[in-house]
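Q: Here you go, one structure.
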Amino acid sequence: MRLGFLVDLSRCMGCMACAVSCKAENDVPLHSWRLRVKYIDQGEFPEVKRHFVPLRCNHCENAPCERICPVSALHYLPNGIVNVDHNRCIGCASCMMACPYNAIYIDPITNSADKCTYCAHRIEVGMMPACVVACPTHANIFGDLDDPESEISKYLKEHKDVMVRKPELNTKPKHFYVRGSTVALDPLASERPEGYTLFTEVKFLDHIGGH
Amino acid sequence: MLGAEVTFDVALPKVVWGWLVSTNMWAKSIATGSFLLGLYFIKKYPEKDAFFRKWVPILGLIFIGITLLVTVLDLHHMFRFWKIFLFAHFTSAVTLGAWVVSGFVIVLLISFWSWVTGNKKLFDKVMLPGFVLAFFSTIYTAGIMGESTARELWVFPAEMIQMLLSATLAGSAAYLLLMTIYKVEMEEVKRELGYILIGSAFLSGMMYLGEILFARMHSEFSHRAVEILTFGSLAPMFWLGIFLTFIIPIILVGIANEKKKYEYALLGSISALVGLWLVKHSWLLAPQMLPLS
């Protein structure tokens, strides 16, 4: 079994239900995110387009975070999920330096590394990840990549425009995007001016949690 | 369609590894560099080895102590440091580094005991393993940087050579500093240390120049990181570091060697050691300035 995720970006409407349900399900503290939705505006009036991009851990098959973790706090589960053992983590932040997707954070309460686990605790009891359940447009498609009858496998077979983030790094992500674009998936393809924009302040934090 | 702009996102953390990690690399360069060069001079000038048999363990223990202190302080769970030995994961350069540095500390303690007791043979016995451990203690950080897949500016073989050159530069600067302060009369050793410092500074400076020029071609990420380093917010620190580490020491130590006025070497050594920290710090920060997602 190889569990994977697919987001059909044409269905995402940026409602943040996935991000909120993830926060609630996993008790993610303030200023920390396992899953977030980024808005990117492209073009100039009247030719404008808004991209919504849900971003979470890619659960790479060749995960740099698993390789660099000195104590195996980040480890593979038999179903392909890259999981975190909070009690083993020493908080060296090497995983944050290695992850090319900015998917890992230091939890300011536990002082340990944390990230999306595809809701491993829910999957264990046969439930879907919280973000999949919360999505009102079924933009999040989750399932077994090894099962040709799973919805995700069929989706991947049917669509020719499947993309992953930073494929050139050979991390082999198991998180796919359909109907995406470079602007949506490449962080350097868009400007990131700090300051107040749409509803909030786009900014960088000077410190990482609890240090 | 024209340009694109992020209009809504969460606040992202910027600097994950800061000055504690830069200080780790800087202090480790002095510790391992003084050890490796100390062995070389003990072997080359056995009749004048007393200076090095004293300062190899002292410099080594002080600066590896600083390295270990800042390493542990940088951990978000500093009291879990022991887990690196109990749950060692050997694909990680962090783990390999912890084991290698621990071995190096043991060798330094033995060399210190050898100096205290005057038992030269004891140190002689650990010279070879000490050389191997000091060498790998120098380069393991390059392995960590190489494994930091997200930071495309850092490339493993180049970082490894930079670490070795930093060690010879810092080690020679530390010895020149001590020899001038304590007025040690070993002119040929001072001259040789001066040439090692000049050679290391020149080669390391050329490597940085090469990396700056060619990193632009590797990927968009390394191109942007180099832009920040050379023309952006980190440029003042980086260029000051380059000036202090490579240009000033080559001139001052060159004058010292040519005119046998070693007070110039003192200034050149201080400049090299201060500049080395600035260069390492700016090189560490540059790829952390860019968004990854």
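Note that Cβ sites are derived from N, Cα and C of the backbone, with glycine treated the same way.
Remember, TrEMBL labels are computer predictions, not curated facts.
TrEMBL lists these features:
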TRANSMEM  B:25-42  transmembrane segment
TRANSMEM  B:54-73  transmembrane segment
TRANSMEM  B:85-114  transmembrane segment
TRANSMEM  B:126-145  transmembrane segment
TRANSMEM  B:160-181  transmembrane segment
TRANSMEM  B:193-217  transmembrane segment
TRANSMEM  B:237-257  transmembrane segment
TRANSMEM  B:264-286  transmembrane segment
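I'd like these features described in context: how deep, what's nearby, how far apart.
A: Beyond the ends of the transmembrane segment (B:54-73), by six or more residues, the same chain brings 20-21, 23-24, 27-28, 30-32, 34-35, 38-39, 42, 81, 101, 104-105, 108-109, 111-112, 114-115, 137, 174-175, 178 to within a C-beta distance below 8 angstroms of the stretch.
For the transmembrane segment (B:160-181), same-chain residues at least 6 beyond its ends with a Cβ under 8 Å from one of its own Cβ atoms are 25-26, 28-30, 32-38, 51, 55, 59, 135, 138-139, 141-143, 189-190, 193-194, 196-197, 199-201, 203-204, 207-208, 245, 249, 253, 262-263, 265-266, 268-270, 272-273, 276, 280.
Sequence-distant contacts of the transmembrane segment (B:193-217) (same chain, six or more residues past either end, CB-CB distance under 8 Å): 37, 153, 155, 158, 161-162, 165-166, 168-169, 171-173, 175-176, 179, 223, 225-226, 229-230, 242, 245-247, 249-250, 253-254, 256-257, 265, 268-269, 272, 279.
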Q: Sort out the residues at least 6 away from either end of the transmembrane segment (B:264-286), same chain, that have Cβ-Cβ distances under 8 Å to it, and list them.
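A: Tertiary neighbours of the transmembrane segment (B:264-286) are 15, 17-19, 21-23, 25-26, 29-30, 153, 166, 169-170, 172-174, 176-177, 180-181, 190, 194, 197, 201, 208, 225-226, 228-229, 234, 237-238, 240-246, 248-253, 255-257.
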Q: Taking the transmembrane segment (B:25-42) as reference, which of B:85-114, B:126-145, B:237-257 has the most Cβ pairs under 8 angstroms?
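A: Stretch with the highest Cβ contact count: B:126-145.
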